[in-house]
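Engineer: Here's a structure for you.
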Amino acid sequence: MATHKLLLLPGDGIGPEVMAEVKKVVGWLDSHGFASFSIEEDLVGGAAYDENGVPISDDAMAKAFDADAILLGAVGGPKWNTVGFDVRPEAGLLRLRKDLQLFANLRPAVCYPALAEASSLKRDLVEGLDVLIVRELTGGVYFGEPKTITDLLDGQKRAVDTQVYESYEIERIARVAFELARTRSNRVVSTEKHNVMKTGVLWKQVVSEVHGSEFSDVQLEHQLADSCGMQLVRNPKQFDVIVTDNLFGDILSDVAAMLTGSLGMLPSASLGSVEEISGRRRALYEPVHGAAPDIAGKGLANPIAMIGSLGMAMRYSFGLGEAADKLDAAIAGVLAQGYRTADIYSDGMTRVGTTGMGDAILAELGKAG
Ligand code: NAD
């Protein structure tokens, strides 16, 4: 059995608490013969700043380059609000994304039947929802130059952000979306604003070309981003994979997230290119939520987003799709039995803390054999 190199970066706030539950699951998978892991651990964010004066050390970066996958908890908190901009906790996460060139952000929005009432939409619209948003993460208007605010002579100011995409950036994110669609329901919606933006024109053209030459077996539809946003709240179950740029992806993935209930339930993945020699794709997995300083240290955090991030690593980095399905089923199982952390609690349910939820998921995994 192959041994998978996993780097754990628990980070700050609730990060170490939810990561502790992941370690239990990793231990269970190891001891029950589902997978073999070799684990490294290091600091990131404020914890790394306190120890080393930087939000991620060169040593931790070397471990990140060596790992088959990285699991990160969360970074940040009020303790580090006044540290220098370059060494703020978030800079550790940004360095990981930048140096590992993680250009594809995967945000699944899955609505467990047991939590359908927690959604902002009606049960029948969201029950069984399973959408994957693939967002371009390293280009577009957040990074394009010029990016300036200029003082004008008449006392006014002018702000400029620049949306830039080159075809290779669109090609590689389109490929990720089509490849993922093949492992799901084989449908991709590509979304942009070709009616008003040149980047939208190029986006649509390049996605169509990649589709025609490499993925004609996958169903492709183009939607304008505003229409896609409307459809996401009108009839979200029509979607399988949505591929989009950095800005629209930022917005649409948060909209989709809210369809599923709580921040504590949402995992994510950021993927890079496949390396030619090793065949390995660089990958960082993390919950969508932050360090939650308001509940840190109280044993209240929901560990499902973090455990779900391990599930994504199993699926996308380790080729352990079957074990990932089992983990997803265990999460659905404990929710169906009524176990709830405070963030998803409703009357009549069984309230548990972080370790209680982790233990319940392990017990459910054990039941399934
Ligand atoms: P947050 O996600 O940390 O918390 C928002 C709210 O959701 C809080 O009330 C929190 O208690 C709750 N929450 C979040 N995760 C939860 C979980 N697993 N279980 C139960 N409740 C949960 O966002 P914020 O409050 O805006 O940010 C707090 C800190 O985290 C800031 O320093 C911010 O910069 C940082 N942050 C980090 C990341 C990251 O590491 N990727 C992402 C977002 C925010």
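Glycine too: its Cβ is placed from the backbone N, Cα and C atoms.
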Engineer: Name the residue, out of R107, R123, R158, that TrEMBL lists for the same substrate site as R97, R135, D226, please.
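Structural biologist: Site partner of R97, R135, D226 for substrate, according to TrEMBL: R107.
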Engineer: Y142 (site 'Important for catalysis'): which of the binding-site residues V83, R97, R107, D254 is the nearest Cα neighbour?
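Structural biologist: Result for Y142 (site 'Important for catalysis'): the nearest of the binding-site residues is R97.
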Engineer: If one measures from the C-alpha of N81 (NAD(+) binding site) to the C-alpha of R107 (substrate binding site), what distance in angstrom results, rounded to a whole number?
Structural biologist: 28
Engineer: Out of G77, K79, R97, R135, D226, D250, which binding-site residues have CB atoms lying under 6 Å from ligand 1?
Structural biologist: G77
Engineer: Could you please provide the mean pLDDT value for the domain 'Isopropylmalate dehydrogenase-like' (5-361)?
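Structural biologist: The answer is 95, the mean pLDDT of the model over that range.
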Engineer: Judged by the number of other CB atoms within 10 angstroms, which among G77, P89 is the least packed of the binding-site residues?
Structural biologist: G77
Engineer: Given the Mg(2+) site residues D226, D250, D254, which other residues of that chain have a Cβ within 8 Å of the mean position of their Cβ atoms, reported in sequence order?
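Structural biologist: Here the non-site neighbours turn out to be A225, G229, L247, F248, G249, I251, L252, S253, V255.
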Engineer: Could you check which of the recorded positions (K193, D226, D250) sits closest to F85 (NAD(+) binding site), going Cα to Cα?
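Structural biologist: That would be D250, nearest by Cα distance.
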